[in-house]
Structure formats: C-alpha cells, structure tokens
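Features as listed in TrEMBL:
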SIGNAL    1-27  signal peptide
DOMAIN    54-76  domain 'Glycoside hydrolase family 19 catalytic'
ACT_SITE  Glu98  active site, proton donor
DOMAIN    149-159  domain 'Glycoside hydrolase family 19 catalytic'
DISULFID  Cys204-Cys236  disulfide bond
Amino acid sequence: MASSAYTFLSFIFFTIFLSFGSYKAEARRYSGISSLVSRGLFDSIFLHKDNIACPAKDFYTYSSFIQASRFFPQFGRTGSSIARKREVAAFLAQISHETTGGGPALRANPTKEEDLFNYHGITITDRQARPLGFDGLNSPDIVSNNSLIAFKTALWFWMTAQSPKPSCHNVMIGKYKPTAADVKANRTAGYGLVTNIINGGLECGIPNDGRVSDRIGFFQRYATLFNVSTGSNLDCENQKPFS
C-alpha cells in the first residue's frame with residue numbers, strides 16, 4: 001500500500017515538474033517584444049530613422065519601443081507566432097505612415113474643461129495619460145519630445161477600444177466581433193479596418209486613396225521582413241468610416 005502511495009505521489013510530482021517546465025518554456029517563448037523584434041530588425045524596418053536629413057533623427061529608438069511595449073503586456077504576445085509578428089508589423093507600419101520621419105505634425109489641443117486633449121489625432125484624457133508617465137494637460141508636447149512617451153501613447157491608442165471602434169489590437173489578433181452596424185458598413189477584419197479606426201473619416205470609402213496605399217506599402221514591406229503574410233482586406237475602400 002505504501003509503495004502504491006509513493007508511486008502515485010511520484011507521478012504527481014513528475015507531472016507538476018513537466019507542467020512547470022512547459023510553463024517556463026512558454027514564458028520564454030512569449031518573453032516580450034524583443035523576442036520578435038531584434039535591434040537589427042528594428043533598424044532594417046526604419047532604415048532612415050537616424051539619417052542626418054531626418055528631422056526626427058535619433059528620436060524613435062529601439063530601447064524606447066521595447067520599454068513602451070512592457071506597459072502593454074498583450075501587445076505582440078497574443079496568439080500564434082504568426083499573429084504576433086503580423087500585429088507588430090501592422091503597428092509599426094501605421095506609425096511609419098503617421099510620422100513620416102518628421103515627428104507629430106500637429107500641436108496638442110488641451111481642453112481642460114473636458115479633462116482631455118488631442119495629439120496628432122489621438123484623443124486621450126488626462127487621467128489616462130498620467131499612468132503613461134506624462135501630464136497631458138499641462139505638458140502635452142512632451143509626446144513629441146520624449147521617445148518613450150511617444151511610443152507609449154501610440155501603443156495606448158493601438159490597444160484601447162474607443163466605442164464604437166474596436167481596438168486595433170483585437171482586429172489584428174482575430175478577436176474583432178463586428179456589430180450589426182459594422183456588417184452593414186462592410187467593416188471587415190483586416191489591416192484596412194485598422195486604417196479605418198485610425199483615420200477612416202478622411203481615408204476610407206475612397207477609391208485608390210494614396211494615403212491608404214502608403215499604409216499598405218509599409219505593411220507589406222514589414223510583413224516581408226517578419227516573414228509573415230499580410231492577411232486579406234488590406235484597404236478600406238469599400239468600408240464606411242466610423243461615425
């Protein structure tokens with residue numbers, strides 16, 4: 001009887017050991033964005049970011065990107081390896097189009113009465129900004145002066161659903177669930193829907209829009225560097241913008 005009990009306990013401990021080992025292996029596999037984006041790959045993506053002719057020279061650094069991603073543990077860490085790489089490629093493609101090497105194009109527009117401000121198309125409340133490390137109402141321009149804050153703000157927008165819009169993150173990892181209004185507006189999952197979320201009011205529902213093509217071009221190049229496909233529905237030509 002004692003021998004049987006010993007054998008049973010040994011089996012239990014062995015099973016726990018295997019499970020723990022598997023967990024640690026999975027944790028290493030999903031250890032962070034740096035496991036997907038090496039410094040070399042980052043530099044290959046942003047070939048001209050440190051060019052002397054670039055107004056934002058030395059601003060968008062690899063270390064700031066990696067540090068910012070740690071504040072959003074689901075970014076690039078959800079789903080299969082392909083889904084994770086595709087999401088990161090899509091994010092970097094969209095910010096490439098938005099910045100074009102010159103940094104944010106718009107100054108902040110603080111509205112203290114509403115406790116929110118708008119920066120480069122990103123509307124965020126002061127209460128949301130403070131956990132990201134900055135005072136959005138009193139020092140909004142820090143977004144264009146601090147590389148880490150710039151990446152944090154972009155990732156906040158990427159990860160946060162703002163009704164009626166879903167989050168870009170959920171769209172890219174396959175968790176987007178269209179509403180009846182979305183179906184009617186032909187807002188299908190894919191990179192094109194991400195563009196709709198970001199700037200659909202100006203770019204979607206327009207045939208052959210050059211801005212949309214620019215976004216797609218960045219995504220196609222980065223997806224190739226990540227060795228993943230882009231998926232379908234890259235544009236938003238046939239989608240109605242969110243109201």
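Backbone N, Cα and C define each Cβ position, glycine as well.
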Next item on the list: List the Cα distance (Å, whole number) between Cys236 (disulfide bond) and Glu98 (active site, proton donor).
Entry: 17
Notebook entry, point to check: With every protein chain in view, how many other Cβ atoms are within 10 Å of the Cβ of Cys204 (disulfide bond)?
Noted result: 26
Notebook entry, point to check: Per 10 Å Cβ neighbour count, which of the recorded positions Glu98, Cys236 ranks highest?
Noted result: Cys236
Next item on the list: With DSSP as the yardstick, break the domain 'Glycoside hydrolase family 19 catalytic' (149-159) down into helix, strand and coil residue counts.
Entry: 11 helix, 0 strand, 0 coil
